[in-house]
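Asks: Please read through the structure below; I'll follow up with questions.
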Amino acid sequence: MCLVYPVTAPQPVAPGQCKTGEHALRKTLLLSLGLVAAVSAPMASGQAPPALVQVEQVRSAALARNLPLSGRVHSRNDADMSMTLAGELKWVLEPGTEVAAGDVIAELDQLPIELRKLELEHLVERERINVNYLDKELQRLRQLREDNNASERMLDEGSMQRDASRMDIRSLEARIDQVNDELRRSQLVAPYAGVIAERHKEAGEYARPGDVIARVVDPTHLELRFEIPVVYQKRISRGQLVNFAAQGSQLLGDTPQSFQARIRTIIPTANANSQTFQVRADIDTADTGAVLTGQLVNLQLSMASADTSLQVPRDAIVLRGEGKFVFRIGDDDTAHKVVVTVGEGAADWVSVNGDLSPGDWVAIRGLERLRDGQTVNRQGS
């Protein structure tokens, strides 16, 4: 800094004022030199005023990374229902119809089956009449045998005919049971509560055994299915929570609503092409009304590392020409530059290697003009 002082021409001084003027001039010069020294002292020493910084502690923890994945919502009860009999469909419920467990979804024309049942019942009645007749005939033969008017052979033949007729009745009754089973199977029954999602056959169409008639979906018991790379197999476990949100809502300008699912099943079989394995997670029943079966979702899966590492906030890392470093704030509120090697990161934290210990304070704000050895005023400690 250059100081310029105005110089004035000497004024005439009376003989009695000479010493007094010299004394005043000398005093003014000494005061000016003191001001110059006061202004130049801080600049000459190179000291900067204390910097205002925000700080955060170094931590030692396992690095938890959020793995972004895509998945799809599925119902735990989702089946294509088919008939086990052939016949003409009498009626089929419409798509969207809610059904309870045991409700009839579709029904075949039962008239041909009922006619066969009626025929068998008539045959049973006829055989019962025949059995009654043979019982009476056998009693007469026994009376004749006691009087020696009938041979033992005739008695045996009568007994055999009566027993054979009884067996015919049992066979006919078994056939009636079979027809009753056909009548039962001529009705397609919902095995669980749900909704008719699809109808593949209409009333009047001929259905063969195995033909899909309708699809029934349970909308209340939902699960999330997604694929995970095999390299993360050891980092997930049953019972782990998964955060997910439906795809597409952001296109309407809406903030996607977040839901949670809990991992129930880990299928330990890798896909040979994608090198992934499937995971299934149960969706909370309270959230089942907000997502639909078949809906695509984005999910975040927390993948915790097995090993712990030193971690600092991302904002603590300073990138300059001499490398990457952080400012450790000592107990005397002095900043010390520590060179670090940056590793993996998750969210706002990164793992580092350097001369740091858990619990050390590092600066995260006010780093722009901070210098090694500078005194700081900390915030956030």
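Each position is counted from 1, following the chain as shown.
Backbone N, Cα and C atoms are what each Cβ position is placed from, and that goes for glycine too.
Annotations in TrEMBL come from automatic prediction, not curation.
These came from TrEMBL, pasted as-is:
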| type | residues | note |
| --- | --- | --- |
| COILED | 124-189 | coiled coil |
| DOMAIN | 310-377 | domain 'YknX-like C-terminal permuted SH3-like' |
Asks: With DSSP as the yardstick, break the domain 'YknX-like C-terminal permuted SH3-like' (310-377) down into helix, strand and coil residue counts.
Replies: 3 helix, 41 strand, 24 coil
Asks: Per-residue pLDDT averaged over the coiled coil (124-189) comes to what?
Replies: 88
